[in-house]
Amino acid sequence: MTAPTDLSPTLQLACDLIRRPSVTPVDADCQAVMMQRLGNAGFKLEPMRIEDVDNFWATHGTTDGPVLCFAGHTDVVPTGPVENWQNDPFDALIDEHGMLCGRGAADMKGSLAAMLVAAERFVADHPNHKGSVAFLITSDEEGPAHHGTKAVVERLAARKERLDWCIVGEPSSTTLVGDVVKNGRRGSLGATLTVRGKQGHVAYPHLAKNPIHLAVPALAELAAEHWDHGNDFFPPTSFQISNLNAGTGATNVIPGDLVAVFNFRFSTESTVEGLQQRVAAILDKHELDWHVNWALSGLPFLTEPGALLDAVSSSIKSVTGRDTKASTSGGTSDGRFIATLGTQVVELGPVNATIHQVNERILASDLDVLTEIYYQTLVKLLA
């Protein structure tokens, strides 16, 4: 295993960013490095620190044409047990197999480096390009995500900022870089359900009301329900119970209440209001004394074939020789906030096989491939 030397500009920058321990919401000066580079390339910089989160918006070009934005996050998830890593997770080493190892290599400091180097090259090659190249970067994607991209998008919307196309650098690829891009994501609707009973002694059930016995049939019906059939772009909406708690810990006490935590990952065939109404109808049918706290993490979004998806797909083809697959699978991303502006959003990044894991790693050479794909996309849309 050797430390990276004589590397491409993209790999040099990726290693610099990985060496900065930017666990959510700490940025560890990753954005300062990026802004300095972008400023030197002629970008107009707008730092936006919101509460404890660092963000920035940067633009290069004119306001009378289309805007292509690169979006991403400098924060990473915790490393887990450091002793289980093959190297220090913030050392950014390239091993004997050519793998770049470190927290954030895939998710998503590698993408940030590729985006930035591609943009530097593009504005140098095409100083009078059409429209604008933009960057929207945050240090709060892996955490609560209240003061990151969501808050920046709200500010951009308030001042009617134009944003036609957006490439989010999330690690979309599965086996080979560019084999999959995300052209949408399911919505995420969470809930905490409380079913109230009456606490009592297990030997005197007639004096109590067991919320477990009452709630289980309703939960079973919710789990068996077919919420929709999906469509050409999305699988059917799914319902999953993630936590179920009741009882005092004593073996002779009927609990007074039951708490169930569940989540919908829903397609564009369902609405938040529709799902909530159907849940309420099932709970009422079982005559439960219930209360639900709902938490919407994001609405579903979809970018159908058009200028952005066509440019990304053809760039992948020209650089790698491979056809890409557009998919809406997986969890949520900050693309859900950007899509509210009416923006076409595509996620394209490295292979995601080891994200959030111990020994997170990607093939180092993939970042140079990704840089070229980003560059070719810029050329197709703005040159």
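Glycine is treated like the rest: Cβ placed from N, Cα and C.
Values in this document were obtained by computation on a predicted structure and should not be read as measured data.
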Zn(2+) 2 binding, same site as ASP107, HIS356 - Swiss-Prot member from GLU142, GLU154, GLU161, GLU304: GLU142
Listed co-binder of Zn(2+) 1 (same site as ASP107, GLU170, source Swiss-Prot) among HIS73, HIS146, HIS147, HIS201: HIS73
Chain-internal residues, separated by at least six, CB under 8 A from GLU170 (Zn(2+) 1 binding site): GLY72, ASP107, MET108, SER111, LYS182, SER333, GLY335, GLU347, LEU348, GLY349, ASN352
Other residues, Cβ within 8 Å of HIS73, ASP107, GLU170 Cβ centroid (Zn(2+) 1 site): GLY72, MET108, SER111, GLU141, GLU142, VAL168, GLY169, PRO171, SER333, GLY349, ILE355
Alpha-carbon spacing, ASP75 (active site) to GLU142 (Zn(2+) 2 binding site), which is rounded to whole Å: 7
Neighbourhood of GLU141 (active site, proton acceptor), C-beta criterion under 8 angstroms, separation at least six: THR24, GLY72, HIS73, ASP75, GLY148, THR149, SER333, ASP334
Candidate with the highest Cβ count within 10 Å, taken from the binding-site residues HIS73, HIS356: HIS73
Near-site residues: Zn(2+) 2, ref ASP107, GLU142, HIS356, CB cutoff 8 A to centroid: VAL76, VAL77, GLY104, MET108, ILE355
Same-chain residues at least 6 apart in sequence whose Cβ lies under 8 Å from GLU142 (Zn(2+) 2 binding site): THR24, HIS73, ASP75, VAL76, VAL77
